[in-house]
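Novice: The active site, proton donor/acceptor annotation in TrEMBL covers Asp121. What TrEMBL lists as Mg(2+) binding site is Asn6, Glu345. Taken from TrEMBL, the feature ATP binding site applies to Lys13, His177, Leu178, Gly179, Asn180, Gly181, Asp249, Met250, Arg251, Gly294, Ile295, Gly296, Glu297, Asn298. If you look up TrEMBL, you'll see Arg64 marked as substrate binding site. Positions annotated as site 'Transition state stabilizer' by TrEMBL: His152, Arg210.
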Amino acid sequence: MWLVVNAGSSSVKLVVFDAGLRDVARATVDRIGAGGPPTHAEAMVEGLGRMGLAPAALTAAAHRVVHGGVALTAPQRVTPAVIAGIEACVPLAPLHNPGNLTGIRAVETLAPGLPQYVSFDTAFHATNPDVATAYAIPAEERARGLRRFGFHGLSYAALVRILRARGALTRRVLAFHLGNGVSACAILDGASVASSMGWSPVEGLTMGTRPGNLDPMVALDLAERHGVDGARALLNRRSGLLALGGHSDMRALHEAGTPEAAFAIDHFCYWAIRHAGSLIAAMGGVETIVFTGGIGENDFSVRGRILDGLSWAGVAYDADANRQNAGALHLAKSDVAIWTVPADEERQIAQEAQTVRECEG
């Protein structure tokens, strides 16, 4: 059995796959250290118990790590050097990498010697050309690692795998990962060539609690007014849909029916369309558009508005199919295929770990 771990600062999501990558069981344990289990290791014991599994039944563990920086661009087995590399990326993803590291250490506590593997959300975008990743800042600052990385890579890698299996992977794919975190990606010949997110997951489209694109001088003003830590918290936790419409959840915005909520939805769709135009230009066109993530898979209204805004690209969709959240949304006359694809990051992580293990011999 393969255990896939997505560990945050106060929660852990566990998914167990068999050797054939069939989903066997799932469990989520939250409130770690705040009324729930006191440690991540004990949270994993609780989660495995819910699934009826003991640590001895596990073949290996595979972890999602948000940021691998410039050095960690492929899935690999956990070693002291890999741990050090993930630790070095903590300043790049202070809200995510520490929790990911805690998950790795919790598994080692729970099952000493169990092989562990890591996959990185940034790795899929390692194929972006330098012209897409470089910020126009002095060389000494770029040398410190200040560049665009892109995120949601495991979601996009899974999406490519699923499209390829369907025989639906075209040369130029525009992919939207729309959830609480939101991004878009230009995929050319199965590889990422541009992404809306940047050095951090704050850049890009309007998100649940993050603002997306922002003039850097606004960030400096916020830091002067609120301090660096206060500005960081404001940009990560108090902005985006929450700031515009009073709710970070798109479903709550639809239900609210207030002018502020309507504006937040308008803002979300406007910037999705605007970024899409940029990404289509980066590929020189588009043959396929794909939606994934909670909003992307389930919110026909948002999907429809984005597709309406891309009609200039030859997009024509079936309104009834869209309303039913069908897998295929394109009309026969559409120049662009349109799909919804369920997010499958956990299976992608398990598959990548299996591949690394097979290469180990």
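Glycine is treated like the rest: Cβ placed from N, Cα and C.
Given the structure is predicted, the values throughout are model-derived calculations rather than measurements.
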Novice: When you put Lys13 (ATP binding site) at the centre and draw a 10 Å sphere around its Cα, which of the recorded positions Asn6, Asp121, Arg210, Glu345 have their Cα inside it?
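Specialist: Checking Cα-Cα distances against Lys13 (ATP binding site), the recorded positions within 10 Å turn out to be Asn6.
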Novice: Enter the number of other CB atoms within 10 angstroms of the CB of Asp249 (ATP binding site).
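Specialist: Around Asp249 (ATP binding site), other Cβ atoms within 10 Å: 15.
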Novice: Mind telling me which of the binding-site residues Asn6, Asn180 has the densest Cβ neighbourhood, counting other Cβ atoms within 10 Å?
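Specialist: For the binding-site residues Asn6, Asn180, the Cβ with the most other Cβ atoms within 10 Å is Asn6.
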Novice: Between Asn180 (ATP binding site) and Arg210 (site 'Transition state stabilizer'), what C-alpha distance do you get in Å?
Specialist: 9
Novice: Looking only at Leu178, Ile295, the binding-site residues on record, which one has the least crowded Cβ, with the fewest other Cβ atoms within 10 Å?
Specialist: Ile295
Novice: Where the residue listed as 'active site, proton donor/acceptor' and His152 (site 'Transition state stabilizer') are concerned, what is their Cα separation in Å, rounded?
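Specialist: On Cα coordinates alone, these residues lie 5 Å apart.
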Novice: Among the recorded positions Lys13, Arg64, His152, Arg210, Arg251, point out the residue whose Cβ has the most other Cβ atoms within 10 Å, with all shown protein chains included in the count.
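Specialist: Result for the most crowded candidate: His152.
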Novice: Distance check, please: Cα of His152 (site 'Transition state stabilizer') against Cα of Arg251 (ATP binding site), rounded to an integer number of angstrom.
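Specialist: For His152 (site 'Transition state stabilizer') versus Arg251 (ATP binding site), the Cα atoms are 22 Å apart.
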Novice: Once the chains shown are all counted, how many other Cβ atoms turn up within 10 Å of the Cβ of Glu345 (Mg(2+) binding site)?
Specialist: 23
Novice: Quick one: among the recorded positions Asp121, Glu297, which has the most Cβ atoms sitting within 10 Å of its own Cβ?
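Specialist: Selected residue: Asp121.
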Novice: Which one is it: of the recorded positions Asn6, Arg64, Arg210, Glu345, whose Cα lies the shortest distance from the Cα of Asp249 (ATP binding site)?
Specialist: Arg210
Novice: Rounded to whole angstrom, what's the largest C-alpha distance between any two of Lys13, His177, Leu178, Gly179, Asn180, Gly181, Asp249, Met250, Arg251, Gly294, Ile295, Gly296, Glu297, Asn298, listed as binding ATP?
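Specialist: Output for ATP binders Lys13, His177, Leu178, Gly179, Asn180, Gly181, Asp249, Met250, Arg251, Gly294, Ile295, Gly296, Glu297, Asn298: max Cα distance 23 Å.
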